[in-house]
Amino acid sequence: MSVPTSISGFPRIGRNRELKKIIEAYWKGDASLDDVRRVGRELRAEHWRLERAAGIDLIPSNDFSLYDQMLDTAILLNVIPARYRRLSFDDPEQTLFAMARGYQGERGDVTALPMKKWFTTNYHYLVPEFDEATEVRLNGTKPFDEYLEAKALGYQTKPVLIGPYTFLKLSRDDQARELRVDEGLIDAVAGVYAEILRRFAHLGAAWVQLDEPCLVLDKDDADVRLFKSLYSRILPAREGRVKVLLNTYFGDIADIYETVRLFEFDGVGLDLVEGREANLAAVGTHGVGERTTLFAGVVSGRNIWRNDYAESIALVEGLQRVTGRVAVASACSLLHVPFSTKGEEALGDDVLRHFAFAVEKLDEVREIADLVDLDDDAKKASDVLKANQLLFDGSRVARDDAVRARLEALADDDFTRLPARAERQRLQREALGLPPLPTTTIGSFPQTSQIRAERAKLRKGEISRDEYDAFIKDRIDDVIRQQEQIGLDVLVHGEFERNDMVEYFGQRLNGFLFTKNAWVQSYGTRCVKPPIVWSDVSRAEPITVEWSRYAQSRTDKPMKGMLTGPVTILNWSWPREDISAEEQTRQLALAIRDEVLDLEAAGIRIIQIDEAALREKLPLRRSDWHAKYLDWAIPAFRLVHSGVRPDTQIHTHMCYSEFNDIIRDIDAMDADVISFEASRGDLVVLDAIDDADFETEAGPGVYDIHSPRVPGEAEIEERIGEILAKMDVDKVWINPDCGLKTRGEAETWPSLGHMVEAAKAVRSRL
Ligand code: GLN
Ligand code: ZN
């Protein structure tokens, strides 16, 4: 029997981001919900067709989503907070979008659900919220509809759902606290999943995939009990008619594998890329249930590089020595990789042959399964295998000796900024003369369609570089005038010249490659197009200096220089796999360090180095945090700024607030000021700041920029009050919680106006 193939999920945004385009058109009133539904159907049909054509046996359904699979799951379990129900929309999609984005209109005014990073990816999920009135029951028919839709097109699919354990672990109560899970809730949730299994059995589904990525996290006894309680109630509903694939990814499940094995799932999906050693060891120790198929996740859903077939074949064959039932699978959903390398031919075949995006990864899954089936002689003779091995023979040129020499020469001093922060803070206060509770923004201002249009014209050669630069300068002048008008204290130039905070730098550094269309969903309709680290990285020439110099020349207020930090550049790029992340980060740190020093020399007194992505690559297991990450990531940041004068103020920004657990590491970055998100999540980080005697001055975001909603002045004042209850007033900055580039002008200026007024009101009472 040939080896079966499976993928966990497929990108849903579409080859050309069709889903993004139609949903955004709908939001603007330029398309109807029926248009959105139609495009959704077309995309699903196309994706199933591609999966079948590639020879995938277990084709997923319900991996599609209009916004987010966690939000879909919340709605499916009827976990819809009362404030959204009260809007009483006619169409379920309207409720869904209100939960995702907030709603401000004739039916009411509600904020969106909080959003969080999906494990170590750059995908964000909406956090389900249970309130007093929540009554868990099956609500809606999305998974069944999509299953039947596929069936009608001739595809027998494997419906995919977020599993009950992960759902409960990631849900919060209406105070943003972890859920207190009692027997009643377990019964209710398990009841819904049991009903789902029975319905799928009835509809004729052979497999149902339950994604339980939370199983790769650290667990305590209560977690293990929760897992057992849920599945012992759910699995009997299989009734021998439908198979359950317990799918895990982003790490290993070694600490619960024995329990999982005893449940005799029909399938267990293991990540053999990120959780390789520990997962294999667990399988070796505890074996595999008699009826269980192991889904060997050998094709990464997190990189763009070709799979090393020899390695994958060895992994699969290793498992085959333990059990006869092995399927070849993607290590996680392909949601996190771009659609296809087709259309990227401009990169040249020498480059392109090293890449596999989602469509190509389908072929890889099939090819690995086919190769596993061959005997040794046939393998040796296989052209597919030979061609693959050529990619890994070391012939790719990626080395720059000058970069290596500079790294070698680094000494401990290069990682330490002097004098100590308390002394610097005194000097900076004198030098900058800012009022208490200084107001600022995170850097970008709305990237209007006009700005994108001008950039497109430049790209197509329809306007000259000078014309484009004049246009950008005009925008800078305008945004400076408006910031001065509303009375902000520390200004920014708006980042209009940047398409993206990582790509912009990548394009100006040696060592990066760029794609035309390799978009990946980040949240909702928002996609990112990460650059690719291809070889050793260095800075060819100053990147931002002229823009910052110009902007500072147009105002007497301090103008922040705006850079992206090395950890974030790497985390939001596709990293190399032939050298370590640590080494790549240091190369980047040196490049950005050059830029910091040039900005300072150009008269810029405040420099913000964004490390928006620092936390997201924190290893999932706490025992790995320092040894495998922070011990090199934090020094890399210090390397960037350790060379500046004491009175140059270094800011950093992070797009999350959950750093209570690494608060001392954040302090150890030795920035002078940090701004971070706080308005959408909880405010527990403020307690941590309080407890840790956090030295860095901080601006916890006072309003949510991920929603078009305009916060009122009173609301912001209240928020500032909450912050001041926990923090020393002379350490507090007032800012929104992230950059404003995705917002419209219409909401940006009133919101900032309210923010400045709120700060002034609080200031006047100090
Ligand atoms: N300076 C960037 C901006 O304002 C930071 C963006 C981010 O944190 N994602 O857009
Ligand atoms: Zn941010």
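Cβ atoms are placed via backbone N, Cα and C, with glycine included.
The active site, proton donor annotation in TrEMBL covers H706. In the three-state DSSP reading, H706 (active site, proton donor) counts as coil.
Under 8 Å, Cβ to Cβ, and six or more positions away along its own chain, L19 (5-methyltetrahydropteroyltri-L-glutamate binding site) finds R12, I13, V39, G40, L43, L66, T525. Positions annotated as 5-methyltetrahydropteroyltri-L-glutamate binding site by TrEMBL: R17, E18, L19, K20, K117, N122, R526, C527, W572, E616.
Positions annotated as Zn(2+) 1 binding site by TrEMBL: H653, C655, E677, C738. Within 10 Å of the C-beta atom of E677 (Zn(2+) 1 binding site) sit 25 other C-beta atoms, taking all shown protein chains into account.
Taken from TrEMBL, the feature domain 'Cobalamin-independent methionine synthase MetE N-terminal' applies to 5-322.
Among the features that TrEMBL reports, domain 'Cobalamin-independent methionine synthase MetE C-terminal/archaeal' is placed at 437-760.
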Of R17, R526, H706, C738, listed as recorded positions, which ones have a Cβ less than 6 Å away from ligand 2? C738
When you look at R17, E18, L19, K20, K117, N122, R526, C527, W572, E616, which the record names as binding 5-methyltetrahydropteroyltri-L-glutamate, what is the longest CA to CA distance in angstrom? 28
Count the other Cβ atoms sitting within 10 Å of the Cβ of H706 (active site, proton donor), across every protein chain shown. 24
8 Å Cβ shell about H653, C655, E677, C738 centroid, Zn(2+) 1 site members excluded: I442, A612, M654, Y656, S675, F676, G701, D737, G739
Look up L19 (5-methyltetrahydropteroyltri-L-glutamate binding site) in the DSSP assignment and report helix, strand or coil. helix
As a whole number of Å, the Cα atom of C738 (Zn(2+) 1 binding site) is distant from the Cα atom of R17 (5-methyltetrahydropteroyltri-L-glutamate binding site) by 24
Given the binding-site residues C655, C738, which one has the fewest other C-beta atoms within 10 angstroms of its C-beta? C655
Could you check which of the binding-site residues K117, R526, W572 is the closest Cα neighbour of E677 (Zn(2+) 1 binding site)? K117
Candidates R17, L19, R526, H706 (recorded positions) with CB under 6 Å from ligand 1, in sequence order, are none
